[in-house]
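Read the structure below first, then the notes.
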């Protein structure tokens, strides 16, 4: 019976997302929600300039399908918080996508400039304002130092605040509302468990922020992010089904994980449709609306299944992408030179002479191997 529900829900999401894909593509072209050269640094690679004009926000197909069908058929205490933070992250991404096209360029005021204004400004109230804003300016400056660039859209330091709220929601739900006997228990699989207690909440914040941005950075080639997300969500779906059928039967666990199974396969079904249209030459690209939402969802489901420590294995390609970007940004500021030819990591391989298709397919293979490795560690 469980298998029938899983297959039915997967096919339902696949079919529904396919039906809404065509009107969404039409709307994206109609309103000019397309890739722009001035806000896309990957166009520094000459051959990628051909992609300018391709619609972004294609990830909205996945977002709409997953939200609507789960709200109708799989909305309960187990899924409401993951769906809520999924919607929050999608909204954040949608605003960022639109502002990157229609917004005004943001200017950055350096700390040195602010310190000078504090010293020389004649208005005491204005000087006090600058002093009070110093912590906020230092926080913003940190992101510029690690490689974030001012853009028209929502800036990195602003995104992280919203993502932290999503992470807090996940952590609060896990600790206070999920119904676990030991909500702070963190599994190290064959090595045993450790109870981190209330630290589970800040840990959830860190993981949600990291995964959302890691998936976002991976959305830089046709089919890349979707092809990496499919095995990752598939692996989590298998773990959820195992917990539902075998763990409950053998250990008498009272936590119902079938909703997490259905949530995972709903993403898989919708991603299959997305990938159909995103395979080169892509009809559209995911955009922040999809990548931020799906990264948040991946982390949320992993926490709901008590396997967040599997994410560095199952999602290792995402970890590699965000690590390369951080290393590149820090290296440029500290030693004044690049470690990689270009970050994120997939562009490094592209500049080594690999074709886009070769990079994408080899990353897909790595994603499948990592998902299988994660399942091996779990079982």
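Any Cβ shown, glycine's included, is placed from N, Cα and C.
TrEMBL: automatically predicted annotations, no manual curation.
Taken from TrEMBL, the feature Mg(2+) binding site covers 216, 288. Taken from TrEMBL, the feature transmembrane segment applies to 6-29, 50-75, 81-103, 160-176, 196-217, 224-242, 257-277, 289-307, 359-378.
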- request: Look over the recorded stretches 50-75, 196-217, 224-242, 257-277, 359-378 and say which has the most C-beta pairs under 8 A to the transmembrane segment (6-29).
  value: 257-277
- line: Outside the transmembrane segment (224-242), at least 6 residues beyond either end, the same-chain residues with a Cβ under 8 Å of its Cβ set are 2, 6, 215, 218, 257-258, 260-261, 264-265, 267-268, 271-272, 274-275, 278, 286, 290-291, 294, 298, 301-302, 305, 307, 310, 314-315, 317-318, 346, 359-360, 363-364, 367-368, 370-372, 374-375, 378-379
Query: Where, among 160-176, 196-217, 257-277, do we find the most CB pairs under 8 A to the transmembrane segment (50-75)?
result: 257-277
Positions whose Cβ lies under 8 angstroms from the transmembrane segment (257-277), at least six residues beyond its ends: 2, 5-6, 9-14, 16-18, 21, 25, 58-59, 61-62, 65-66, 69-70, 73-74, 76, 78-79, 82-83, 223, 226-227, 229-230, 233-234, 236-237, 240-241, 243-244, 248, 283-284, 286, 290, 294, 297, 301, 304-305
- prompt: Other than its close neighbours in sequence, what residues sit by the transmembrane segment (196-217), given a CB gap under 8 Å and a spacing of at least six beyond its ends?
  reply: 85, 89, 93, 159-160, 163-164, 166-168, 170-172, 174-175, 183-186, 225, 229, 288, 291-292, 294-296, 298-300, 302-303, 308, 311, 315, 318-319, 321-322, 325, 344
